[in-house]
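Below is one structure; the comments refer to it alone.
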Amino acid sequence: MIRQRTLKEIVKTTGVGLHSGRKVTLTLRPAAANTGIIYRRTDVNPPVDFPADPASVRDTMLCTALVNDEGVRISTVEHLNAALAGMGIDNIIVEVDAPEIPIMDGSASPFVYLLQQAGIETQNVPKRFIRIKKPVRFEDGDKWAEFVPFNGFRMDFEIEFNHPAIESDEQRLLFDFSSQGFVREISRARTFGFMRDIEYLQSQNLVLGGSFDNAIVLDDYRILNEEGLRFDNEFVTHKLLDAIGDLYMCGHAIIGEFRAFKSGHGLNNQLLRAVLADQEAWEWTTFEEEEGSPVAFAQPNMVLA
């Protein structure tokens, strides 16, 4: 059968918080089968847990943030959550000693590396997938996102930026999900922002940790980073990476096709909530044979370059 996965060992790293600009220590811990993905704040007493759940997402202004009823929050979870999706991790405790996950280089790649350092442990319990049974769509003005039935996890994502540095023919991306494809084609895409927005936000004591080290920065005409882009379609690829992380807030791999136009964290979350709220739109499924899985996850001992 296709089994649930956790980590073999505890791993730890430090980075900078995007919004606070302060040092953050991140610890990833193995968890028992059926635990799910738990985000934990250890700098509050007692520590506060946030299960990965679309209902925990209560702020999507500049990132995906988990907020509880007392207003305690963990921000910027989407890139790490995308890495967990990419590596097929079902059960994990994610600890931070700050109100946010460190931004690292603005992509999911450092988190993939961290998970590979920890190693993947398979557990003797079936992995539960969410299979989409009928189309579900959510719209917001000219923006929209939808799920339709498909025997795999396919993504069709389009952005629309009228900017000289963002090529018009590099604003749509189709991706058939696999661990290998995620690591090689998606995980290294960095977040991006406009210098005028960053300057304004920093004047409001936001994105104090934002820099050329963790984002693609543009002015009105060009990319300001000396090294340029990692690949030609890095902008749309990062938006697709964000969507992978946002959709994995349900804690389970999805079998279906995700299509989106100009979608962001809020719309991704609204679609996920709409799907799960409709009992006829989805069903649980497991697989007795690895070969029968419509979603290809890396072998636990395989290191993906």
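Glycine residues also receive a Cβ, built from the backbone N, Cα and C atoms like all the rest.
Copied over from Swiss-Prot, here are the features:
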type	residues	note
BINDING	H79, H238, D242	Zn(2+) binding site
ACT_SITE	H265	active site, proton donor
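Location within the structure of each feature annotated in Swiss-Prot.
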{"residue": "H79", "record": "Zn(2+) binding site", "CB count, 10 Å": "31"}
{"residue": "H238", "record": "Zn(2+) binding site", "CB count, 10 Å": "25"}
{"residue": "D242", "record": "Zn(2+) binding site", "CB count, 10 Å": "24"}
{"residue": "H265", "record": "active site, proton donor", "CB count, 10 Å": "22"}
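Secondary structure at D242 (Zn(2+) binding site), as computed by DSSP, is helix. Same-chain residues that are not part of H79, H238, D242 yet have a Cβ within 8 Å of the Cβ center of the Zn(2+) site turn out to be E78, A82, G106, S107, A108, A189, R190, T191, K239, L241, G245. A separation of roughly 12 Å, to the nearest angstrom, links the Cα atoms of H79 (Zn(2+) binding site) and the residue listed as 'active site, proton donor'.
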